[in-house]
Amino acid sequence: MALCAKKRPPEEERRARANDREYNEKFQYASNCIKTSKYNILTFLPVNLFEQFQEVANTYFLFLLILQLIPQVSSLSWFTTIVPLVLVLAITAVKDATDDYFRHKSDNQVNNRQSQVLINGSLQQEQWMNVCVGDIIKLENNQFVAVREVALQGNKSLPLFLADRNEETNMKVRQAIPVTSELGDISRLAKFDGEVVCEPPNNKLDRFSGTLYWKESKFPLSNQNTLLRGCVLRNTEWCFGLVVFAGPDTKLMQNSGRTKFKRTSIDRLMNTLVLWIFGFLVCMGVILAIGNAIWEHEVGTRFQAYLPWDEAVDSAFFSGFLSFWSYIIILNTVVPISLYVSVEVIRLGHSYFINWDKKMFCVKRRTPAEARTTTLNEELGQVEYVFSDKTGTLTQNIMVFNKCSISGRSYGDVFDVLGHKAELGERPEPVDFSFNPLADKKFLFWDPTLLEAVKMGDPHTHEFFRLLSLCHTVMSEEKNEGELYYKAQSPDEGALVTAARNFGFVFRSRTPKTITVYEMGIAVTYQLLAILDFNNIRKRMSVIVRNPEGRIRLYCKGADTILLDRLHPSTQELLSTTTDHLNEYAGEGLRTLVLAYKDLDEEYYGEWAQRRLQASLAQDSREDRLASVYEEVESDMVLLGATAIEDKLQQGVPETIALLTLANIKIWVLTGDKQETAVNIGYSCKMLTDDMTEVFVVTGHTVLEVREELRWPMGAFPLPRKAREKMMDSPYAVGNGLPCPEKCSSAKLTSVLEAVAGEYALVINGHSLAHALEADMELEFLETACACKAVICCRVTPLQKAQVVELVKKHKKAVTLAIGDGANDVSMIKTAHIGVGISGQEGIQAVLASDYSFSQFKFLQRLLLVHGRWSYLRMCKFLCYFFYKNFAFTMVHFWFGFFCGFSAQTVYDQYFITLYNIVYTSLPVLAMGVFDQDVPEQRSMEYPKLYEPGQLNLLFNKREFFICIAQGIYTSVLMFFIPYGVFAEATRDDGTQLADYQSFAVTVATSLVIVVNWAGHGSWTAINHFFIWGSLAVYFASPLPCTFRLCNAQNTLAQPTVWLTITLTTVVCIMPVVAFRFLKLSLKPDLSDTVRYSQLVRKKQKAQHRCLRRVGRTGSRRSGYAFSHQEGFGELIMSGKNMRLSSLALAGFATRSSSSWIESLRRKKSDSASSPGGGADKPLRG
């Protein structure tokens, strides 16, 4: 993304003085103007033409046009080249102008948004593009933040909640610094002259370090005091902020990768082939030029009397030189410019098919699929790696209280009269919460025994829900009597507090020192003594409260891996039962938390509170001191139970992942969420299973630790064996069930690792990934990751997402696809070969940066396996057909040169040459490129192995190209020499000689049109029949103003000998093709042939339904803990500045093993593949 800013030297620190534009302007900070457009009215024509002529083909045809303007060289009129060239340039220019118009429109919409800026003592409306560093701006509730700013003041000193558009729908807390929160009215803000000195612009979203200098004092600034561009202000009516970063310097823009022009592998191959064809063209021109020079020297000199040379020609050599350029013009149709027009038309048709696909239309959101580009459709059929965001992409980001374990009893399952667990569709009505007037009507729970336990006054159940109603940082708002609205920092907390609310323990309100809960209709106010805040290291949070009777109790909730080690020994029996429940919940992919409590006596609490106060005032190691104090009190706790929350997957995610996996597509999840959250989702969507040989977890904080963990699965797996050695020692390391030899050749090491990909998974954290992506370790990381079936990267920044994608692109040479729904996915989407945006709840920035967009992840399978596969198949068939028909057309001129004295005389007349690719043969090949299908869409989904030829690039490559050329040359030989041999002896009906130039030309042209319209089609449909017979009808019926056709064609085509010649030529050209296809289908059919045959066999049988069954998992216990919470709320609540009254597994996809030719080619490709980075001979060090 380009922005309106000049390139500046790198900053060492950022200085911004409030209300002093003159001071800030001397630093030449970037403005807040965004520019994504490329042209304006004055620059469009020259810049666009310059860009278009950077294409090799356009420059080539411009060169030919110049040659045709030279009379001594050209044997064709200039219009044969300029008409197609102008047509191509005009179509491309209109397309580019349309695209840039929408970019201008989007830029104007963003830059012209209004902000309230404090200028000269008063608030004035200012456009976003005119906001500068050092300005004080006013934000109002639900308003987007236009810049990165430091919060100075909010109304009534309320906390500033941000619905972060860049990450999730979870709200992030921000707070004005205390010294400025009391500035009061606008007049005092206008006099504010504080100066912020902070770090230079960077891409770290979770860090900010700065200092405010004001009134000869220094005040520290942290990330909690800043507002991020792209976020939305919540929970406060207004706030004032000081602009620190604008435009490209904001965190959002720092994490946005550069917009890259994306080209498909077929485009790159076509550019190479064009150069090869040009070389072939030059060789033919040289051969014919040499022939002309020899002919003129040996023969032509004898006919100077009535065939004199032109005035400029003074020798046979110079005649040959001019003949060379003449033949370059005549033979240029080996690469006709209509090829590029046809490619764009086909791609446009494929894009419309995606837009019109009703099966990719989301009825709920009324959102269709959209192809936002027309240049990448065939690349959708070659994807090998999919990089996916998690929240909002795989999941709905909707948390539901699903199950719980209280005092050794599990609640949440429903059993029938026989004691069997009821499935979802067999369950009775949900629990009736009508007894509770404050219940949330949207909350559903299916097990009535839990509500019965609450109503019967079970003390453990009451204490369980009392903990959930007290131990949190949720804010409550009651707009009308009895209508409670919870504002939670995370949807996890919202789900837990809502569950407690429905079961009779309603969190009603809070003050800095109290929490009011309605327990079974009775208001109870607890004194809030302390909040032991959550962070990613502690993985737990606690509150200490005093109840109305004066008893002090600590309530704690957190990860099972943490809390179970802090329980009192007396809870051992309950611990064993609860652990079994946790295993069950984790096996179902639920997010678990363990709940515990501890009673504190008054004396102990007083001493502990004093130690906590001293730790909070420490100048150094404050966090470590507080953690130590917290650790002390959070010990010897009494176990209450556990909760299990379901982060609902989007519909069809497990089936989609299973289907893509069967298509040999590897899926990597790159998410900003915690490890536990991402791993649980991995199990829910069946990316991870307990059947895997091992799941490697990398969490190292240093380079050495990460390097060791990439080799040694420390922490998660105690066996002291290196990760890749484990893979190599596996009995399934090599296909066909054969063990890997002890001494594998280094050249085959990467392919051996690829062969074991189905048994392993890799999980790596963001701080570890930062080291793994360093130059000296990236190959080691990539080799291990690519050998795994699933890869999950947690806590990664947007830039790291892009770096992972770039790493795979660079070393694997595979087509990558990135899919996400938020602004934090934009960089990844831009970096991948193909970017897909999910139009969900996270705004539209991902959609705007994407190449394709739709509303649900499940549509990805149809985009790739149906539209992508068809687009690749059609484009490959089109290119093969197109090169074949043009070589067959052009090479006739080459053979004719040997029989016309190398005089650069054309076989066909000029109008036929002009219209051959535009009219006579364009529609059949276009119809095949737009409509052709080898198998129906249902079979493409049913047989995912059909996708593999695109990944292996089998249908159009250099080998296929040379086969097409050979077939075209073969056709041209027959097309020329059969009529030439017949006409040498043939006579007309009246006995006169048939062999004249015009009759020969009409016969060859007619045979050519018939052969190329018939030979390229592998199947015959109504569409094919229409366009083939229609093109032939146009050829025979069109009254063209040609030089000789009208006067001679009818007479020539009336001769039986001519038609016999055309028939013979057509049969001899087509029969070998038909015979080859028949033998291939009979002796060595590919998978699509087999599928078509099976379809015919089963045509009259009833379609079989796919079977979906629930798959349970057993195995060693893993933590199901996941809690998307954030540190900082506890301190904020206690400060008093925040008071104001949210699976199925695929079993029966009917897949057939791919034919042996695909597998053999895959093995051949793997055997010849070098390790990433070119180190084919470098063995992996175990």
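Cβ atoms are placed via backbone N, Cα and C, with glycine included.
Computed from a predicted structure; not experimentally measured.
As annotated by TrEMBL, domain 'P-type ATPase N-terminal' applies to 17-82.
Annotated transmembrane segment per TrEMBL: 76-94 (among others), in sequence order.
Summarising the annotation, TrEMBL assigns transmembrane segment to 273-295 (among others).
Annotated transmembrane segment per TrEMBL: 315-341 (among others), in sequence order.
Summarising the environment of Asp389 (Mg(2+) binding site), the number of other Cβ atoms within 10 Å of its Cβ, over all protein chains shown, is 30. What TrEMBL lists as Mg(2+) binding site is Asp389, Thr391, Asp821, Asp825.
Around the Cβ of Gly672 (ATP binding site), a 10 Å sphere holds 27 further Cβ atoms from the protein chains shown. TrEMBL lists Asp389, Lys390, Thr391, Glu493, Phe534, Lys557, Arg591, Thr671, Gly672, Asp673, Arg795, Lys801, Asn824, Asp825 with the feature ATP binding site.
Sequence annotations record features per position, and here TrEMBL assigns domain 'P-type ATPase C-terminal' to 847-1085.
Positions annotated as transmembrane segment by TrEMBL: 878-899 (among others).
Sequence annotations record features per position, and here TrEMBL assigns transmembrane segment to 911-931 (among others).
Residues of the same chain lying 6 or more positions beyond the ends of the transmembrane segment (961-983) and with a Cβ under 8 Å from any Cβ of it are 273, 880-881, 883-892, 894-896, 899, 907, 994-995, 999-1000, 1003-1004, 1007-1008, 1011-1012, 1015, 1057, 1061, 1064-1065, 1068-1069, 1072-1073. Per TrEMBL, the feature transmembrane segment maps to 961-983 (among others).
Look at TrEMBL and you will find 995-1014 (among others) tagged as transmembrane segment.
Per TrEMBL, the feature transmembrane segment maps to 1026-1046 (among others).
Among the features that TrEMBL reports, transmembrane segment is placed at 1058-1079 (among others).
The annotation region 'Disordered' is assigned in TrEMBL to 1153-1182.
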Show me the subset of Asp389, Thr391, Asp821 whose Cα is within 10 Å of Gly672 (ATP binding site); these are the binding-site residues I mean.
Asp389, Thr391
Among Thr391, Phe534, Asn824, Asp825, the one of these binding-site residues whose Cβ has the fewest neighbouring Cβ atoms within 10 Å:
Phe534
Determine, using Cα-Cα distances only, which of these binding-site residues is closest to Arg591 (ATP binding site): Asp389, Thr391, Asp821.
Thr391
Mind checking which of Arg591, Arg795 has the fewest other CB atoms within 10 A of its CB? They're the binding-site residues.
Arg795
Can you figure out which of Asp389, Thr391, Asp821, Asp825 (the binding-site residues) comes closest in space to Phe534 (ATP binding site), comparing Cα atoms?
Thr391
Integer Cα-Cα distance in angstrom, Thr391 (Mg(2+) binding site) to Asn824 (ATP binding site):
11
Out of 315-341, 878-899, 911-931, 995-1014, 1058-1079, what stretch is closest in contact terms to the transmembrane segment (273-295), meaning most Cβ pairs under 8 angstroms?
315-341
Per DSSP, what is the residue count of the domain 'P-type ATPase N-terminal' (17-82) in each of helix, strand and coil?
31 helix, 2 strand, 33 coil
Whole-number Å distance between the CA of Asp825 (Mg(2+) binding site) and the CA of Arg795 (ATP binding site)?
13
